[in-house]
Structure formats: structure tokens, C-alpha cells
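*Asks:* Below you'll find the structure I mean.
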Amino acid sequence: MYDHTTLPTRMPWTSLATVVGVTALLVVGLLGTVSADRAALVGVATGVLLALSLWLSGWDSWQAVGTVLASVLALPVAVGLSVAIGGTVASLGAELFPAPSQAGIRPAVVTLLSQVFVVIGCLTAVFGATAATRGVVDTERVGAYGGVVVRTTAVPFAVALVLFTRGAVDFLQSNAGTPGIQQLTGEVLSRVLEPIFDPVPGRTHIAIFSLLLALAAMALARGIDALPLSELVPETSDAPDVDRAIAAVGRTLRWTGRLALLVAPVAGLFELGLGQESLAGLLPVGLYELIVTVTAAPGLRSLLWRLFLIGTVVTVAVWFLRRTVQSSADRVGTVLAPYVGGGVIALAVVAVAGPAVDAIETTLRATPAAPAVEQFFTPILDVYGPETVTLAFVVVALFSVTSVTGQLWVALATSYLRERTAGVTLAAAGLFGASAFAATLSTPTWLVLAGLVGAVVVWDAGSFGTTLGHEVGTGAATRRTELVHTGGTVGIGGVGAAATLGLSAVARGSIAVEPSVAVAGLVVCLVAVLSLVAAIR
Amino acid sequence: MHRRVRRWSGGLAAALFLVSVSLLTAEPLLLAATAIPLIYVAYGALLRLPAGTDLQAARTVSDAQPTPGEPVAVELTLTNTGRSSLTDVRVIDGVPEELAVVEGSPRLCTSLRPDESATLSYAVMAKRGTYTFDAAAVRVRTLSASDEVTVDLTVAGDGTVTCSNTVSEVPMADATLPRAGTLPTDTGGSGLEFHSTRSYQPGDPVNRIDWRRYAKTDELTTIDYREEQAVRTVLVVDARPPARVTPEPGFPTGAELSAYAAERLFDALSRTSVVASVCAVGLAPEDVPGGLGPDGLAWVDASGGHAAAHARQIFDSVGRAAARQSDTDAAGDAGASEDAPPHQSRSEAARVTTADGGTIEDPALLAVLARLPPTAQVVVFSPAADDWPVSLVSSLAVRDYPTTLVSPSLARGDSLGAAVASTERVARLQRAELSGATVIDWDLDSPIDVALRASLADLFSV
């Protein structure tokens with residue numbers, strides 16, 4: 001039989017229906033045990049969205065569109081992930097704390113953690129089952145999606161960084177008068193920034209002015225060089241000789257820059273070494289006053305700074321455009337799309353920052369963390385503003401998506417997760433974990449056992465179906481075998497569940513004697529080791 | 001081949017996970033629940049394929065000698081002759097690689113009780129040549145899918161599909177001339193069939209004087225018989241890359257169908273002793289045994305020895321070129337340009353005038369025109385997928401060659417592309433007809449013999 005067949009590896013419909021149906025039933029049952037309904041529902045939706053994003057990022061026929069959508073969906077996925085976990089913690093925290101007594105803290109923590117794990121498990125299960133329908137979890141696709149999320153995060157991260165830096169600088173400068181470390185930092189900042197943008201009037205500042213002039217001239221020269229001015233002028237005999245004019249301007253700017261760069265240290269030496277009086281004595285009065293006026297003018301400084309920025313921006317933009325036109329449209333779309341998506345996300349976040357921050361604050365105030373809100377959150381909000389804070393939240397959430405994607409990629413790249421069965425394995429693992437943690441809540445025993453057996457059935461039906469699809473294709477009639485196989489697995493699971501109930505009844509009788517439970521555990525471990533040996537053999 | 005698949009060992013990790021959560025949360029149910037993953041581990045480890053597993057397979061083919069382009073239904077019956085039930089039997093029939101499966105799937109997965117059978121039905125598209133089915137690959141698994149055996153199962157019954165034409169099948173005799181190797185013309189002279197009478201002219205052969213008339217009327221009259229000239233027929237097969245199109249995967253290409261039609265006609269003409277030459281255009285040197293001629297054409301003259309064998313080689317070469325084309329399709333147009341015949345230099349390429357006054361500089365076209373004997377009938381076989389055959393036909397018309405264009409219709413299906421291609425082809429055929437050629441539009445649903453018979457009578461009775 002050909003193991004290198006190129007048939008599509010999609011699993012047959014019966015297996016797929018088993019995977020999706022069992023997962024859906026168990027997720028509904030398990031989420032019923034979680035008190036934080038809304039967060040749980042958001043978690044389920046996030047699982048579906050994450051699978052959809054993965055599919056979109058590998059959409060070959062509409063690569064650019066798929067990348068844009070995956071990039072824009074990164075925000076709902078990130079927010080959903082945060083809300084599912086954070087929301088569960090917050091809503092249960094409000095419910096369970098403060099604990100009535102010291103002894104009540106441990107059970108409360110266990111309940112809280114169990115519910116969070118049930119939500120995470122269900123999210124993973126929904127993601128895995130959804131991904132398994134199209135077989136979208138593979139190294140290449142996950143890598144591509146990771147790249148999209150990282151590039152999407154770049155813009156909000158940069159904007160958040162700029163806003164944060166501005167807020168920090170403003171805050172520290174405003175604190176120059178207050179004692180302590182803030183005063184020191186504020187003074188240092190004032191000392192660095194004031195001579196550049198707001199010099200002391202009535203004296204010369206030739207050195208710093210020359211440096212600024214050199215920077216602005218060099219940047220402008222580079223910008224003019226980069227612009228395709230001569231290409232834009234028609235090649236007719238009566239057209240103006242633009243080339244020569246541009247070359248002259250460029251040369252002048254470059255020489256101005258070099259000259260200013262040479263003047264700066266010399267002037268600095270003179271200014272520091274001789275002092276203002278000697279300098280005034282050396283130079284004619286008119287010239288000295290002119291130099292004082294020019295070099296100390298804040299407006300001129302600001303103009304030079306802006307010219308420097310414009311030159312740099314033009315150079316970078318033209319370089320980027322030149323690279324862009326050399327690439328194919330699809331490639332450009334794919335590469336640019338995440339940045340555009342990131343830009344859209346940043347704008348959207350800035351637009352809804354106020355209400356969002358209010359909502360977060362209200363939610364947090366309802367939890368036992370209310371004093372911390374008062375102590376930390378409100379002052380931060382006062383200093384940095386709601387936009388920066390919301391952007392920071394979003395960036396952290398996007399980083400969490402990047403981290404999840406990265407972990408998935410590592411698991412796939414190291415073959416801990418096989419590409420072919422990754423979706424069903426994740427679904428089964430999620431269901432198994434959720435069922436195990438649901439056992440510690442007030443979940444009926446049948447649901448826990450059904451969850452554990454169902455998780456195995458999901459994995460078995462999925463991996464069996466995938467192998468079947470790989471070997472005989474979806475065009476062949478396979479339903480009978482699939483049903484027989486799944487029936488066998490369910491039957492064995494039934495035997496396992498009966499054994500569990502029997503063992504559990506024995507354990508319940510001996511629950512008063514704790515060491516006996518430990519002995520039972522040891523016996524089970526022994527059986528596990530023996531089975532391991534048998535399986536390896 | 002026997003193989004153990006360790007697909008349940010993950011149960012141990014699951015058991016350890018349950019033990020950990022149980023200890024962490026002091027939940028005894030989870031400790032007891034380790035029985036579930038462990039029982040699955042045991043299930044995977046203990047289940048084995050029963051000894052004495054035995055399967056038998058038999059294959060039937062609906063038509064072992066189909067015509068090209070005809071779907072052939074194949075049925076493979078698998079029977080469990082062992083004593084135990086087999087829950088998971090997967091079988092893949094050994095379909096020859098060259099034949100495309102056009103309906104159903106040659107793969108099956110089923111469960112079989114003792115003495116139970118399962119049948120696998122599919123259809124393959126017939127292509128020229130003889131194809132032998134391989135043994136069926138069978139894989140049997142246990143219910144837990146942790147133990148498997150893979151074997152190549154020898155299949156009883158039909159094992160070969162032969163798709164070729166033999167000379168004895170040719171129904172062409174009645175479509176060609178009753179007099180072998182000659183073409184009757186409208187000029188009177190020596191011959192067998194009466195044409196006309198005329199006044200005697202000094203020098204007329206004595207045996208053609210109508211002596212009876214002389215006896216009655218005392219006038220010398222000469223009888224003219226219908227002159228019969230020996231004629232050559234040249235069959236030109238268009239095997240250029242544009243002609244190697246196929247309406248659907250597995251279906252013969254236009255070039256292959258053209259070669260097939262040419263082969264049928266060549267066999268018929270050989271039987272009637274017509275001097276027939278075969279020429280294939282657009283083959284690469286590696287396709288033809290012995291390479292191409294210096295002008296880039298694969299040409300076989302009837303005058304040479306073993307002409308029939310050489311002609312058959314050329315027809316086979318067209319099939320080879322088409323197979324190579326489908327292999328290199330992924331390489332894009334690069335492959336197509338390689339297939340073009342060796343081009344003559346532009347300076348050599350004289351301009352050719354067509355019927356509508358245009359000029360052509362196609363090297364393959366020029367080579368055909370240069371190689372054609374001065375008196376010949378030309379039959380062009382082409383799917384008319386581009387304008388080349390029309391140019392050839394109109395160039396031939398300018399030179400007064402009696403020309404026939406046989407064109408297999410490739411358009412199948414209702415897609416927009418097929419409709420456009422079909423319309424373009426019809427327009428080309430009309431242009432060919434307007435330039436003076438006889439056009440045979442071969443609808444693939446009817447045998448080529450029918451189409452040829454309908455038109456060949458015209459061709460051989462100018």
C-alpha cells in the first residue's frame with residue numbers, strides 16, 4: 001500500500017461527524033458546570049475564530065485577502081483569549097472571595113483553577129475540532145499565522161511605545177520639582193531636551209545648532225536623492241534640466257551638512273572654553289547678535305527637527321515603495337496586510353479606549369482586587385491616559401496569541417503533535433483535561449466519565465479517519481469500517497467506565513483510611529508501568 | 001508485511017495526568033478513572049490479527065479491447081475465505097499508472113465476515129496500448145488499529161486492457177477506390193473506363209480507333225478512356241504542443257486522437273495499395289526512434305521498405321510525446337517550446353502565401369510544403385486547437401493540392417471554456433472549408449470509421 005500517496009488527507013464524513021458531534025456535546029455539558037457563562041461562551045467563540053484565522057492565513061487562492069482577515073481577526077482572538085481566562089478568574093473571584101474562613105481558601109482556589117482549566121480545555125477542544133474539519137493545523141500554516149500576528153502586533157506595539165514614552169517623558173518632566181528618583185530623572189531629561197529644543201536665550205548655541213543643521217541637511221539630501229524627480233520629468237528637448245538643479249541642491253545640502261558637522265566641535269570648544277564674553281568680544285557686534293538670534297531661536301530648531309524627520313520619512317517611504325513595486329501584487333498584499341490590519345486595530349482601540357477602560361475598571365472594582373485598582377490602575381490611567389492603557393492591554397493580549405501560536409508551532413515542529421492528527425489530538429486533549437478538572441467541581445460522575453471516554457473516542461475516530469482518508473481517500477466507501485471501529489472504542493470505554501465506577505465504590509469505602517487510597521494509586525501506577533512495557537514491546 | 005502501530009501509548013500519559021490531577025485536587029474519582037486510559041492501552045497492546053487470515057480477489061473488466069476514449073468498467077471482488085471476521089480491510093486495485101480513473105474509486109475499506117465478499121467498482125479511460133493491472137494492495141487491521149498486515153494480493157480474472165486497432169478490423173474497403181492505387185481523373189486518354197469519343201487525329205493508337213463506327217459510317221473515331229493517374233496520399237498528423245490538449249484528465253489528447261484517426265486511414269489505404277506517406281509535425285527528436293529528418297519532420301514514405309512498421313513508430317511517437325507533455329506540464333510553457341521542431345533560420349524561411357492573401361512564416365508549415373510531392377492528396381489530422389491547420393490547409397489550397405482536414409472534436413462538458421474552444425474550432429473548420437478543403441468533423445461519440453466513410457468517397461473520386 002502506498003504510504004507516499006498524494007490523496008487529500010481529509011478524514012471521511014462519518015469520522016468527522018463523530019469528532020465534531022462528540023466534541024460539541026461534551027463541550028456543552030462541561031461548560032454547564034462553569035459558573036462564568038459569558039466568559040465560557042467567549043472562550044468557545046475564540047476557539048472557532050482561532051481555527052478560522054489559521055485557515056485564512058493559509059488560503060492559497062486569495063492569499064492577500066486571507067492575510068488581511070487573519071490579521072484583523074487577531075484582535076477578537078486576543079481579546080477573546082483574555083476575556084475567557086481573565087473573565088473567568090474575575091467573575092469567579094468575585095463569587096468565591098473573600099473566603100469565609102482560612103480553611104475555605106484552598107477549596108476556593110481549587111474551584112477557581114478547575115473552572116479556568118475547564119474553560120481552557122473547552123476552548124482547546126473547540127479549536128481542535130474546528131481545525132480538524134479542514135485539517136488546518138500544520139507547521140507551515142501555524143508559522144504563517146504566527147508571522148501575521150507578530151506583524152499585526154508591530155503597529156499597535158509601536159504606537160503604544162510612542163504614547164508610553166511621551167506619557168513617561170511628560171510625567172517625569174512634570175515631576176522635576178518633586179524629590180527622589182523622579183526629580184533626578186526629570187532633571188536629566190530637562191537637561192538633555194532643553195538645550196536641543198528650548199535653548200537659553202541671550203547666548204550662542206552654535207555647536208548644538210550646527211549638529212541639528214547637519215542632521216537636517218543630511219536627511220534632506222538623502223530624501224531628495226531618493227525621490228524619483230528626474231524620472232518624473234518628461235524626456236523632451238524643451239523640458240527643464242531638473243537633473244542638474246537636483247544635483248546642485250543635493251550637493252549644497254551635503255556640503256552644508258559636512259560644514260556644520262565640522263563647525264560643531266570647534267564652536268563647542270570655543271563656547272565652553274572662552275565663554276560668552278570673550279566670544280562677544282571676538283566677533284563684531286552685529287554678527288554676534290545675529291548668531292545669538294539664529295542659534296537660540298526655538299522656532300528654527302523645531303523647523304530643523306521637522307526637516308530632519310521629513311527627510312528621513314521620505315527616504316524610508318521611497319525605499320519601501322521601490323521594494324514594493326519590485327514584488328508581485330499578491331506578495332505585497334500578504335506582507336503589507338498585517339501592518340494595515342495592525343493599523344486598523346490601533347485606530348479602533350484608540351477610538352474605543354475611553355468606554356473600554358471604564359468597563360475594565362468597573363469589572364475589576366467588582367472583584368477582590370478593587371483596592372489594587374485604586375492603588376495602581378487609577379494612577380497609571382491618570383498618567384498615561386486611557387488610549388495608552390487600552391493599547392497596552394491589547395498588545396499584551398496579542399502577545400498572548402503570539403505565545404499560544406508559538407507553542408503550537410514548537411509542538412508541531414518537534415513532532416510532539418503530528419500534523420495529520422494535530423486537530424483531533426488538541427480536541428481530545430482539551431476534552432480530557434476539561435473532564436478531569438470538571439470532576440473536582442460539582443459535576444455528575446456520568447458526565448466526567450463520558451467526557452474522559454468521549455475524549456478518547458474523539459481522538460481515536462479522528463486519527464483513524466485521517467489515516468483512512470490518507471490511505472483510501474474520501475471517494476471510497478468506508479462508513480461501515482468507521483462505525484465498527486468507533487463502536488469498538490466506545491465499547492472498551494464503557495468497560496473502562498464500569499471499572500472506574502467499581503474502583504470508585506471501593507475507594508469510597510476506604511476513603512477514611514487515606515493510605516489505602518495511596519496504595520490503590522500505587523497499584524494503578526504499577527499496572528501503568530506494566531502496560532507501558534507491553535505497549536513498547 | 002506485519003507492523004505494530006503504537007497508537008494507544010498516549011493512554012499512559014493520560015493516566016499519569018489523571019493521577020496528578022487527582023493528587024492535586026484530592027479527588028478519588030480521578031484516581032479510579034485511570035482505569036479508562038489504561039484499559040485502552042491494554043486494548044491496543046493485546047489485540048492481534050487472528051491467525052489464518054485469508055483473502056481472495058477476482059477482477060472483471062467490462063471490455064478488454066475498448067476503443068480509445070471509452071470508459072472501461074472494472075469490478076474487483078474481495079472475499080474473506082478465512083475463519084475469522086476482519087473488521088478493517090483496505091484494498092487498492094493495481095490500476096496501471098497510465099490509465100486514469102474517471103468514475104468511482106479503485107480503493108475500498110470495509111469489514112468482512114467469513115465468506116463475505118465486497119465489490120469495488122470503478123471505470124478507467126481507455127488509451128492506446130496494452131495495459132496490465134498490478135496485484136491489489138491489501139491492508140488488514142485489528143479493531144484497535146494497532147496491528148496491521150499489508151500484502152500484495154494476486155487477483156484472478158481479467159488483468160489486461162488492450163486498446164489498439166488491428167488491420168482485420170478496418171471497415172474501410174468500401175470507402176476507397178475499387179481500383180487499387182489509382183485516382184480517376186476527368187481527362188480522357190488511355191484507361192479502362194469509357195470517357196468520350198472524338199475525331200481521329202493522326203498518331204492516335206490504333207487500338208483506340210472505334211472500328212465498328214468506321215465500318216458503319218466510314219469515319220475514323222478515337223475512343224478516349226478515363227485517364228487514371230497514380231496518386232500519392234500524404235497523411236499529416238498535427239502533434240504540435242498546442243494540439244496536445246485534452247478535454248478532461250485521462251482522456252486522449254487531440255494529437256493522440258489525430259494519430260489514431262491517421263492510423264486507421266493508413267491501414268485502410270495500405271490494404272487498397274494506395275501509395276500513402278505519413279508525416280507528423282511537432283515531435284521532438286527524442287520522441288521518434290532514429291530522430292527527425294533535417295527539416296524537423298517525422299516523415300515515412302511508402303516507397304521505402306517496412307513503411308507500415310515505420311508509420312506505426314510515428315503514431316506511437318505521438319503518444320509518447322503526449323505522455324511527455326503531460327509529465328512536463330508543470331514546467332509550464334518551457335516544455336512546450338522545447339517540443340517545437342528545430343526551427344529554420346528566419347532568412348531561409350520564405351514567405352508562404354495563403355488563400356486569403358496573407359503570409360506565414362511557420363517553419364513546420366514551410367517544411368511540410370517543401371516536402372510534399374507535386375501530385376499528392378493531403379489529409380491533415382488536427383484537433384484545430386489553433387490556426388496552424390487552417391493555415392496549412394489554405395496554403396495547400398493555393399497550390400492546388402486536394403486536401404481533407406480530419407478534426408476530432410475535443411469539446412466536452414458544459415463549461416464556458418469548453419463552449420468558447422468549441423466555437424473557435426467551428427470557426428476554424430469553416431475557414432478551412434471556405435479555402436477549398438473537405439472537412440471531416442469527427443464527433444468522438446461516433447467511431448472515426450463512420451466519419452471517414454462518410455467523406456472519403458468524395459476524397460477518392462475527384
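Along the chain as shown, the residues are counted starting at 1.
Keep in mind that glycine also has a Cβ here, set from the backbone N, Cα and C atoms.
Feature list, courtesy of TrEMBL:
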type: TRANSMEM; residues: A:39-56; note: transmembrane segment
type: TRANSMEM; residues: A:68-97; note: transmembrane segment
type: TRANSMEM; residues: A:109-132; note: transmembrane segment
type: TRANSMEM; residues: A:144-164; note: transmembrane segment
type: TRANSMEM; residues: A:206-224; note: transmembrane segment
type: TRANSMEM; residues: A:255-272; note: transmembrane segment
type: TRANSMEM; residues: A:333-354; note: transmembrane segment
type: TRANSMEM; residues: A:389-410; note: transmembrane segment
type: TRANSMEM; residues: A:422-440; note: transmembrane segment
type: TRANSMEM; residues: A:446-469; note: transmembrane segment
type: TRANSMEM; residues: A:490-511; note: transmembrane segment
type: TRANSMEM; residues: A:517-536; note: transmembrane segment
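Show me how these features fit into the structure around them.
*Replies:* Within the same chain, residues 27, 31, 66-67, 69-70, 73-74, 76-77, 80-81, 83-85, 87-88, 91, 119-120, 122-128, 130-131, 134, 136-137, 141-142, 145 sit at least 6 positions outside the transmembrane segment (A:39-56) and bring their C-beta atoms closer than 8 Å to a C-beta of that stretch.
Sequence-distant contacts of the transmembrane segment (A:68-97) (same chain, six or more residues past either end, CB-CB distance under 8 Å): 34-36, 38-40, 42-43, 45-46, 49-50, 52-54, 56-57, 108, 111-112, 115-116, 119-120, 123, 145, 148-149, 151-153, 333, 337-338, 340-342, 344-345, 348-349, 363-364, 366-369, 393-394, 396-398, 400-401, 404.
Nonlocal intrachain contacts for the transmembrane segment (A:333-354), taken as residues 6+ away from its ends with a CB within less than 8 angstroms of a stretch CB, comprise 63-65, 67-68, 71-72, 74-75, 147-149, 151-156, 159, 324, 327, 385-387, 389-391, 394.
Packing against the transmembrane segment (A:446-469) from elsewhere in the chain are residues 7-12, 14-16, 18-19, 22-23, 25-26, 29-30, 33, 125, 129, 132, 135, 420-421, 423-425, 427-429, 431-432, 434-436, 438-439, 478, 481-482, 485-486, 489-490, 493-494, 496-497, 500-501: each is 6 or more residues past its ends and has a CB under 8 Å from a CB in it.
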*Asks:* Based on Cβ pairs under 8 Å, which of the stretches A:144-164, A:206-224, A:422-440 lies most in contact with the transmembrane segment (A:255-272)?
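*Replies:* Looking only at A:144-164, A:206-224, A:422-440, the most contacts with the transmembrane segment (A:255-272) come from A:206-224.
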*Asks:* Same chain only, please: residues at least 6 beyond the ends of the transmembrane segment (A:206-224) with a C-beta under 8 Å from a C-beta of the stretch. Say none if there are none.
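*Replies:* Residues packing against the transmembrane segment (A:206-224) from afar: 195-196, 199, 246, 249-250, 253-254, 256-258, 260-261, 263-265, 267-268, 270-271, 291, 294-295, 300-301, 304-305, 307-315, 318.
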